[in-house]
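Step one of this worksheet: look at the structure below.
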Amino acid sequence: MRTRPLKVALLGCGVVGSEVARIMTTHADDLAARIGAPVELAGVAVRRPSKVRAGIDPSLVTTDATALVKRGDIDVVVEVIGGIEPARSLITTAFEHGASVVSANKALLAQDGAALHAAAEEHGKDLYYEAAVAGAIPLIRPLRESLAGDKINRVMGIVNGTTNFILDKMDSTGAGYQEALDEATALGYAEADPTADVEGFDAAAKAAILAGIAFHTRVRLDDVYREGMTEVTAADFRSAKEMGCTIKLLAICERSKDGASVTARVHPAMIPLSHPLASVRGAYNAVFVESDAAGQLMFYGPGAGGSPTASAVLGDLVAVCRNRLNGATGPGESAYAALTVSPMGEVVTRYHISLDVADKPGVLAQVATVFAEHGVSIDTVRQQGRPDGDGEASLVVVTHRASDASLTGTVEALRKLDTVRGVASIMRVEGE
Ligand code: HSE
């Protein structure tokens with residue numbers, strides 16, 4: 001074994017960074033044996049230097065992250081500060097000064113992955129980011145390496161633990177969205193400002209990364225259709241149950257039937273209780289992958305938290321250090337397929353539409369005609385009169401597969417009918 005250590009600079013020492021430092025120290029011998037050389041924490045860049053950090057030598061702590069990545073003797077920079085800047089500049093500077101990079105930064109990778117990969121390649125360095133998607137769950141490496149000989153057709157996952165916790169609560173207790181969110185906040189699952197999670201931004205960044213790798217095509221955050229889950233109601237869960245389904249916030253990356261294009265989207269959807277993703281409870285994540293040769297695979301585990309995310313960071317650190325010792329680099333960006341990334345209108349799926357309609361003769365026929373005029377075939381219709389006898393009824397229409405554009409046209413036309421008093425909810429139905 002080489003005795004000269006590989007030097008690691010840690011950018012950020014919060015929930016994840018402090019766990020990375022702890023594991024590097026407590027598992028130092030094992031890491032050295034697995035890599036073939038010791039790894040040494042050579043510097044830790046933080047915002048608040050006065051904070052006491054157990055197990056970290058205070059002499060390693062600096063507020064000057066730029067100087068740390070410019071040192072020239074750093075082998076690997078571990079970036080766990082998140083956000084776009086200064087993370088992007090620090091990573092680029094790290095490559096320029098001879099270091100490889102391990103990052104957990106989904107927002108940055110989803111927005112600027114192509115440019116960062118290009119910078120890594122230009123300088124002959126590695127850029128690894130297993131921790132950017134679904135915490136501890138191995139996903140990037142299986143998609144990039146284990147399935148490199150297969151053809152992936154679909155990646156569908158629960159990649160946000162906060163929203164899965166909320167939806168699971170609504171499902172199991174009948175609670176409304178706000179009540180479930182309040183509980184998630186009280187238990188520390190949801191942040192004080194939960195927007196990034198509940199509006200689907202976090203999941204959309206992860207979808208962009210997964211789609212890019214799965215389909216060997218550049219998919220940016222802007223290419224991902226996004227709908228949050230704040231409008232999901234207890235009534236939606238009751239409807240889902242009547243269909244033998246539950247509701248999940250799904251990230252879905254799909255290859256089109258003709259193979260020429262792909263789509264990526266995040267939205268709440270009904271899935272059958274028999275689907276493996278339906279059984280993902282609490283704050284857990286899971287990703288269901290469908291490919292030509294392997295068939296169906298499911299990756300499951302904790303998608304957030306200091307220690308699970310640090311596990312993924314450490315795995316990348318070992319891989320990057322091994323590459324470094326071998327004078328090699330691992331796989332970089334693979335975007336050779338350059339498939340068209342299609343807009344949401346071209347997505348084809350099934351829909352569950354709940355309408356409030358006038359309860360009088362001919363209404364059902366009127367509604368059915370609107371669906372027919374837009375080429376959307378109805379699978380089932382269920383009408384329920386209201387016990388209060390207010391002359392209105394609830395009409396639930398479940399469609400066969402149709403394009404999102406056709407469904408949007410159908411709903412616009414339905415809203416114009418006098419007899420349709422309101423469109424209570426529209427939910428896609430997936431996983432059948
Ligand atoms: N906030 C995310 C979640 C974790 O709830 O899953 C980090 O991506």
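Backbone N, Cα and C define each Cβ position, glycine as well.
Worth saying up front: this structure is predicted, and the values here are computed from it rather than measured.
In the three-state DSSP assignment, the secondary structure recorded for Lys206 (active site, proton donor) is helix. The active site, proton donor annotation in TrEMBL covers Lys206.
The number of other Cβ atoms within 10 Å of the Cβ belonging to Val15 (NADP(+) binding site), over all protein chains shown, comes to 14. The secondary structure of Val15 (NADP(+) binding site), as reduced to three states from DSSP, is helical. The NADP(+) binding site feature in TrEMBL is assigned to Leu11, Gly12, Cys13, Gly14, Val15, Val16, Gly17, Ser18.
With a 10 A radius on its CB, Lys106 (NADPH binding site) counts 26 other CB atoms from all the protein chains. In this structure, Lys106 (NADPH binding site) is part of a helix by DSSP. According to TrEMBL, the NADPH binding site annotation covers Lys106.
Close to Glu191 (L-homoserine binding site) in the fold, though at least 6 residues off in sequence, lie Thr162, Thr185, Asp197, each with a CB less than 8 Å from its CB. The L-homoserine binding site annotation in TrEMBL covers Glu191.
When averaged over the domain 'ACT' (352-428), pLDDT in the model lands at 94. Look at TrEMBL and you will find 352-428 tagged as domain 'ACT'.
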Reduced DSSP assignment, Glu191 (L-homoserine binding site): coil
Roughly how many Å separate the Cα of Val15 (NADP(+) binding site) from that of Lys206 (active site, proton donor), to the nearest whole number? 20
For Gly17 (NADP(+) binding site), the same-chain residues 6+ apart in sequence with C-beta under 8 angstroms from its C-beta are Leu10, Leu11, Val44, Val78, Val80, Ile81
Quick check for the class: what is the C-alpha distance, in angstrom and rounded, between Lys106 (NADPH binding site) and Lys206 (active site, proton donor)? 6
CB contacts under 8 angstroms to Ser18 (NADP(+) binding site), restricted to the same chain and 6+ apart in sequence, sorted by sequence, are Arg53, Ala54, Ile56, Gly306
Between the Cα atoms of Gly12 (NADP(+) binding site) and Lys206 (active site, proton donor), find the distance and write it as a whole number of Å. 21
